[in-house]
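Listed features, source TrEMBL:
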type	residues	note
DOMAIN	21-199	domain '3-deoxy-D-manno-octulosonic-acid transferase N-terminal'
ACT_SITE	Glu49	active site, proton acceptor
SITE	Glu120	site 'Transition state stabilizer'
SITE	Lys198	site 'Transition state stabilizer'
Amino acid sequence: MIALPKLLYKRFVHGKYKKSLKLRFGLEVPQLPDPRGRVVWFHGASVGEIYLLLPIVQQFMKEYPDWHCVVTAYTESGCESAAKLFSPLGATTFILPLDLSIIIKPIVRAISPALVVFSEGDCWLNFLEEAKRLGATTVVINGKLSSNSCKWFTILKRFGRNYFSPLDGFMLQDDQHKERFLKLGIAEEKIEVTGNIKTYIDPIMDAEARNPWREKLQLSENDELLVLGSVHPSDVEAWFPAILQLRQRCVKVLWVPRHIERKKEIESLLIKEHIPFGLWTQGATFQNNDSIIVDTIGWLKQLYVAADIAFVGGTFDPKIGGHNLLEPLQCGVPLVFGPHITSQSDLAVRLLSCGAGHCLDTPECIVDVITFLLDHPEVRSAYVARGKQFLDSERASFFCTWEALKRHIPCTKT
């Protein structure tokens, strides 16, 4: 019920969820090709959680071809990504209905999964409990729990409701997340630290990948490009004064807001300072613009490839705690981020300790750090090399996760 007013507001004011409203309210029941077959149901919150499922789903379909895969997402952008990635593989994809008993339980009964796999921990209680009532095995892969979420779930536990207790297995990113789940009373035998499978994706940046994107943006070899990815208002507030100072060296900026509806806030700032800008959806390039606002989803990773330096947003907002720090590394681009990385603090510490990224401690240091990095390409190259080494060392996480998941796959549907 908490999500209902927000959904209706975005539907009628912004036009969001227009395509998925019937599914949200359980007015449509997804059809499976063979309702008698065994079903595995994968779920992720949004685009990032859906993308990390790709190698797992591919491996599952390869080793268990008699199962049918269902992939859902909570956000519309995540659902679009799921359809793009998994529909060609033969999976059924749709947006997750609201987690109200009267809505979600009939959908779960209709699909009747034997195995439910949650990506990173986007678990919904009524969904989870109904799946367990039907006899499904339920697990989390690439699991994590921020310190703020841990505090919140600890409060829920005190009222006698342990949110995660129905889950059968937890495949977690690191020991820090394990300690948090243990604090919630999760049995240690349910937990395995298998690593972060976001590192499994191969680095994609090379000269052949970088050059076409820079040509598309009409950047010359000497142009310097900052990509500010998944930015929130606090990130924009931190960066904008620095961008004004960096204009004297003609630095180009790609603004990629986390929420597209916030593009107008960036537009207003650029207009106020008379900075020439364009919109990605209108085919803008840097031929006549100093900034471009990416006003659609699904382009961030490709655009990171074109960058000289990439900033990961949500890291100047303590309530957000940062987004995917690994994407710039996977694109072979020097990584910088702000001081608030609570959602992945262990990962950030490891990246900093091996010299694969730089933390911008305060907004006031941005200009000096960015200027130094732009003036020293050899330092940027060292960041990229150490980032690749970090990813190579972490690739075992996928195989650990897959082997752990296989131990939870039921032999027969219950």
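The backbone N, Cα and C atoms fix where each Cβ goes, glycine too.
Not measured: the values here are computed from a predicted model.
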Spacing of the two Cα atoms, Glu120 (site 'Transition state stabilizer') and Glu49 (active site, proton acceptor), in whole angstrom, works out to 7
Same-chain residues six or more away whose CB lies under 8 A from the CB of Glu49 (active site, proton acceptor)? Ala73, Gly78, Ser119, Glu120, Asp122
Over all shown protein chains, what is the count of other CB atoms within 10 A of the CB belonging to Glu120 (site 'Transition state stabilizer')? 24
Return the residues near Lys198 (site 'Transition state stabilizer') by Cβ distance under 8 Å, restricted to its own chain and a separation of at least 6 in sequence. Gly48, Leu52, Asn142, Asn324, Leu326
